[in-house]
Amino acid sequence: MLNVPSQSFPAPSSQQRAASGGRSKVPLKQGRSLMDWIRLSKSGKDLTGLKGRLIEVTEEELKKHNKKDDCWICIRGFVYNVTSYMEFHPGGEDELMRAAGSDGTDLFDQVHRWVNYESMLKECLVGRMAVKPAIPKDYREEKKVLNGLLPKSQVTDTTTKEGPSSPSYDWFQTDSLVTIVIYTKQKDINLDSIIVDHQNDSFRAETIIKDYSYLIHVGLSHEIQEDFSVRIIENVGKIEIVLKKRENMSWKCLGHPLEKHNSFLPKKDRGSYYRKCQLISKEDVTHDTKLFCLMLPPSTHLQVPIGQHVYLKLTITGTEIVKPYTPVFDSLLSEFKKPVLPNNKYIYFLIKIYPAGLFTPELDHLQIGDFVPVSSPEGNFKISKLQEVEDLFLLAAGTGFTPMVKILNCALINAPSLRKVKLMFFNKTEEDIIWRSQLEKLAFEDKRFDVEFVLSTPSSEWNGKQGHISPALLSEFLKGNSEKSKVLLCICGPTPFTEQGIRLLHDLNFSKDDIHSFTA
């Protein structure tokens, strides 16, 4: 899978990926776009220099290939000759050279773990490392299941003493139901902590605990109905998943273990999982931005936590390409009412269509009823940041507005100590402003909220603020903030916007803990 944009992955102008911190990008030469790389890798040219042979690579041999014109890199035990890829790398040659002649797995994970490097670098594969690292015990070594509860010694647990305790699970049944119980040993579990997918006879339940992932993955011994229920018992940290049997009969066992069953790993090591969601609708929001509605499968439970994103995947010219997007609501104002039970079967995205791009035109060409694979959530924003905040400042440029939608909603409804929320929204023209009338109406109805629009190329009739993010604009925007109040500043936009904004906020004496960035 390739994470794409119009010229590189992710796009220099994309605001969708949510993360803390960013990385610098360099301008690519003409003819060095992602599509150009796909064409080159499919051209039949020998990119390894080995004429199709695969070899075992020793550490000594790997170290020899550490120059720009002869660069090998190891990722998870596989060695790739990335010499030909140098000029196509959106982070620049120097960034790629940091891993030259060595194991670049950690560096790769820090920057774009979600990318399927096996697909992107398939034609660059030199071979395997000759010495393989020890592999922890996995599902193939599970010999015995005791009523669904594995002996503690058979749980793949890579946590340290500082990490959370490993969960466990059990199951029980009635004539018509099977209940799987996950004991998380945590008290801050909620419905967006658990992701459940049932496809054919494969049942997968992933529980997110802090920065770790606990997975139940079994082939069920008997058929179940599509619909199931998930219940959280918060005071004891217990999750109950109730399945409906297709036939009223006694099961002798829950099923057989599948890949990584009963494992407890750092979330970054889990890997991405996709389920196919159906396109239900798409409607114009601005001249180049649309609201897409996708419906989850009936046999999936997934709620994207506030401030996190998912990846959409398309196959373009035979290559799987992924791009990250932050879910929003179907409307800004509809959510600011008395809370009701949400319909969690639908996911909404505000997506800007780039006519010359690679990914978004394909997305826009999908017909109602088509399916789009959607990943499990990613991101590191903690909702606890909003629990004590008094002054919340949001800085957004373009579709960098998308992470702010749910943060704004949560703050106004659920933050008990909130005094004010201010949004400074940067765009090129008035026609580019997403949900302008809704934002203005919300500001009129809730006196705690204020919005300011800033345009970089306004018309002559524009009477509001204009320009780019600057010390003067930020100083005025943040004016009136008490030094004693608990502050949170969220920022999202193109990489230059975010990086400059963070520098300016630091110059204004805001600390790293005061700032959360959602950067492209």
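Glycine is treated like the rest: Cβ placed from N, Cα and C.
What TrEMBL annotates here:
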type: COMPBIAS; residues: 1-20; note: compositional bias 'Low complexity'
type: REGION; residues: 1-28; note: region 'Disordered'
type: DOMAIN; residues: 54-130; note: domain 'Cytochrome b5 heme-binding'
type: DOMAIN; residues: 164-255; note: domain 'CS'
type: DOMAIN; residues: 272-384; note: domain 'FAD-binding FR-type'
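In the domain 'FAD-binding FR-type' (272-384), the DSSP tally of helix, strand and coil residues is 11 helix, 49 strand, 53 coil. Confidence in the domain 'CS' (164-255), given as mean pLDDT, stands at 94. The DSSP breakdown of the domain 'CS' (164-255), given as helix, strand and coil counts, is 6 helix, 55 strand, 31 coil.
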